[in-house]
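The following features are taken from TrEMBL:
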{"type": "DOMAIN", "residues": "40-425", "note": "domain 'Amino acid transporter transmembrane'"}
{"type": "TRANSMEM", "residues": "76-98", "note": "transmembrane segment"}
{"type": "TRANSMEM", "residues": "135-157", "note": "transmembrane segment"}
{"type": "TRANSMEM", "residues": "169-186", "note": "transmembrane segment"}
{"type": "TRANSMEM", "residues": "191-209", "note": "transmembrane segment"}
{"type": "TRANSMEM", "residues": "229-252", "note": "transmembrane segment"}
{"type": "TRANSMEM", "residues": "264-286", "note": "transmembrane segment"}
{"type": "TRANSMEM", "residues": "306-325", "note": "transmembrane segment"}
{"type": "TRANSMEM", "residues": "345-362", "note": "transmembrane segment"}
{"type": "TRANSMEM", "residues": "368-389", "note": "transmembrane segment"}
{"type": "TRANSMEM", "residues": "410-430", "note": "transmembrane segment"}
Amino acid sequence: MASEKVETVIAGNYLEMEREGEETNSNNSVRNKLSKFFWHGGSVYDAWFSCSSNQVAQVLLTLPYSFSQLGMLSGILFQLFYGLMGSWTAYLISVLYVEYRTRKEREKVDFRNHVIQWFEVLDGLLGKHWRNIGLFFNCTFLLFGSVIQLIACASNIYYINDNLDKRTWTYIFGACCATTVFIPSFHNYRIWSFVGLLMTTYTAWYLTIASLLNGQVEGVKHSGPTTMVLYFTGATNILYTFGGHAVTVEIMHAMWKPQKFKTIYLIATIYVLTLTLPSASAVYWAFGDALLTHSNALALLPKTKFRDSAFITFGFACTPLYFVWEKFIRVHETKSLFKRAMARLPVVIPIWFLAIVFPFFGPINSSVGSLLVSFTVYIIPALAHMLTFASPSARENAVEQPPSFLGRWVGLYCTNIFVVVWVFIVGFGFGGWASMVNFVHQINTFGLFTKCYQCPPHKA
């Protein structure tokens with residue numbers, strides 16, 4: 001009965017927001033109606049676009065590289081395993097978000113001009129120490145996630161136009177990245193996320209079809225796995241791939257009905273697997289060990305108009321960082337879009353700088369996956385969920401009870417303990433060791449601020 005009452009409270013708030021929007025726009029011009037259609041998104045479809053495009057994005061291009069490190073069988077199994085585990089922890093985060101929001105709305109807290117973030121959920125449920133831990137890992141991951149997106153864009157555009165080196169393209173796309181400061185929240189990502197998913201889907205199927213048509217290159221070898229370092233480096237890149245839900249809370253907060261998020265995320269994961277499994281398998285089948293020195297799969301495919309059309313959008317990871325910065329300088333709840341946009345600009349500078357210092361597309365993914373993603377989106381949510389519902393009264397009064405097919409609370413706790421132990425040992429432990437060894441090797445081989453990472457000698 002309590003859960004039914006809570007759900008009414010949450011749904012009521014969102015329905016009220018929708019009604020206000022409808023009343024405001026009922027007498028508006030066609031221009032405003034078009035603006036609403038393209039700009040304002042809080043439906044389950046918008047959430048699915050955002051989750052699907054944000055979950056894989058630029059990592060799609062490095063998954064064949066991971067297959068060359070892992071081998072075909074391990075690559076497929078790790079994708080399925082981490083895809084399932086990622087969906088599980090996204091479910092935990094969604095449960096904690098609804099629990100936090102429900103408690104606050106019972107206290108008459110209004111979130112209309114405030115975007116709830118993961119560290120605030122931890123603060124409200126577990127206190128300031130958990131807030132600080134969550135804030136550190138989440139912000140650091142989002143920072144480097146944005147860096148990786150920027151590096152990927154520069155790498156991709158280089159293979160379209162190699163008249164400029166990758167570092168110069170990074171300068172250019174760093175400036176383009178700054179335009180994302182004008183997007184208020186994930187509620188306004190409708191077109192961006194739709195285009196992002198469209199391009200990700202096109203790129204995945206281009207990689208698959210082009211590799212099959214191109215066939216296996218002469219003398220192709222499939223040696224992976226050859227060393228422990230390469231094996232666990234490849235595994236943590238896949239851990240990173242399906243750990244893209246550091247923006248989960250922000251996407252959920254943009255939904256009219258956030259209770260549906262967990263289902264949306266699972267469907268998004270299944271869709272992403274239909275892109276990643278065929279593309280990574282096909283490219284690895286065609287090029288084999290050559291991928292070990294070409295972390296961007298586009299580098300090995302012949303230059304055609306179809307390859308030049310393959311591109312991954314960027315910007316999703318920046319937005320939560322903007323929110324944190326806005327709250328820090330106390331402009332988050334201002335209604336002036338221009339003021340918020342100008343306040344956000346300093347966030348772009350470290351992203352730009354780090355992308356120029358560490359342009360190691362591929363190896364940097366694994367390092368971020370092992371050291372940051374392992375805690376941010378796997379270990380911390382599992383621990384937080386167990387601690388939030390540790391007492392019998394908390395479990396009894398929980399807004400959302402665990403599903404019966406999992407064995408209720410006993411099954412849920414067993415699953416969470418498995419996630420924590422596995423990710424800490426395999427993801428952070430072995431993965432951290434392997435990724436840092438590989439990352440240091442890249443620095444020693446190419447150097448910091450390298451002009452053109454993995455380019456032909458005459459270009460580098």
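The backbone N, Cα and C atoms fix where each Cβ goes, and this holds for glycine too.
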| field | Of 191-209, 229-252, 410-430, whichever stretch has the most CB pairs under 8 A to the transmembrane segment (368-389) | value | 410-430
| request: With Cβ distances under 8 Å as the criterion, find the stretch in 76-98, 169-186, 191-209, 345-362 that has the most pairs with the transmembrane segment (264-286). | output: 76-98
| query | Based on Cβ pairs under 8 Å, which of the stretches 76-98, 135-157, 191-209, 410-430 lies most in contact with the transmembrane segment (229-252)? | reply | 76-98
